[in-house]
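Database features (Swiss-Prot):
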BINDING   Gly8, Lys9, Gly10, Gly11, Ile12, Gly13, Lys14, Ser15  ATP binding site
BINDING   Cys94, Cys129  [4Fe-4S] cluster binding site
MOD_RES   Arg97  ADP-ribosylarginine
Amino acid sequence: MRQIAIYGKGGIGKSTTTQNTVAALAEAGKKIMVVGCDPKADSTRLLLHGLNQKTVLDTLRDEGEDIDLEDVLKTGYGDTKCVESGGPEPGVGCAGRGIITSINLLESLGAYTNDLDYVFYDVLGDVVCGGFAMPIREGKAREIYIVASGEMMALYAANNISKGVQKFANTGGVRLGGIICNSRKVDNELELLTAFAKELGSQLIHFVPRDNMVQRAEINKKTVIDFDPAQPQADEYRTLAQNIDGNDMFVIPKPMTQDRLEELLMAHGILD
């Protein structure tokens, strides 16, 4: 069972990328569980065709400790198992704690079955605070992929996340598997992301081009592979899934200093 955490700044398309990749892996016959670790609880919506799944934290609040696995785990596209951690009530408590609570509950309820090929954690990634680092800190997820684009803030966030991965790699055995570019059609984006990944000592695992088909599928509450499997964009996610499935390059990243990151951005025309 490979346990993978997907990080990236808010709004970068992390949940969309994760679900489309999971759909491609499921199409290829893989058994997968997706654990949403974002208070927005939108990490499984496309796999569940828009079903607004009740989160682990909401279920705990409503039902108390007496919970069955089927109360929090729903089956989605390609027999994927879908769980949403959820978050605390706004202004009260720490969302990171919710992730810790959820993963512990899933373990105690026997969600991590031996037939699973993959567990994906879709994690809010602007902040690598203790709770959001839970999937990597506790040694659950061994592989990290960071979703980024050629935009400055996406790369700042990706570099910061790399610092968190580096910190836990030395103690926990977690490794960076690569950078996923979710394109924003920025000038020189492919070259910049390739150079950025190389600078970290990693690789660009795939460049996902921007395509309105992704939004069209989302409006229909589906992944692209589910909505229109013959689309070229569906093949992009299949390629990404294959690259992750066959990946053997796992590194302790070497995050950049602020100055070096800005040099890189300037060299590729992102900063003046």
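Yeah, the Cβs are placed from backbone N, Cα and C, and that goes for glycine too.
Overlay of Swiss-Prot annotations on the structure.
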| residue | record | DSSP class |
| --- | --- | --- |
| Gly8 | ATP binding site | coil |
| Gly13 | ATP binding site | coil |
| Cys94 | [4Fe-4S] cluster binding site | coil |
Separation of alpha carbons, Arg97 (ADP-ribosylarginine) and Ser15 (ATP binding site) (Å):
20
Across all protein chains in the structure, which of the binding-site residues Gly8, Gly10, Gly11, Gly13 has the highest Cβ count within 10 Å?
Gly8
Which one is it: of the binding-site residues Ile12, Cys94, which Cβ has the fewest other Cβ atoms within 10 Å in this structure?
Cys94
Tell me, how many other CB atoms lie within 10 A of the CB of Lys9 (ATP binding site), whichever protein chain they belong to?
24
For Arg97 (ADP-ribosylarginine), which of the binding-site residues Gly10, Gly11, Ile12, Gly13, Lys14 has the nearest Cα in space?
Gly10
Given the recorded positions Lys14, Arg97, which one's Cβ is surrounded by the fewest other Cβ atoms within 10 Å?
Arg97
Between the Cα atoms of Gly13 (ATP binding site) and Cys94 ([4Fe-4S] cluster binding site), what distance do you get, rounded to the nearest Å?
23
Where Cys94 ([4Fe-4S] cluster binding site) and Gly8 (ATP binding site) are concerned, what is their Cα separation in Å, rounded?
19
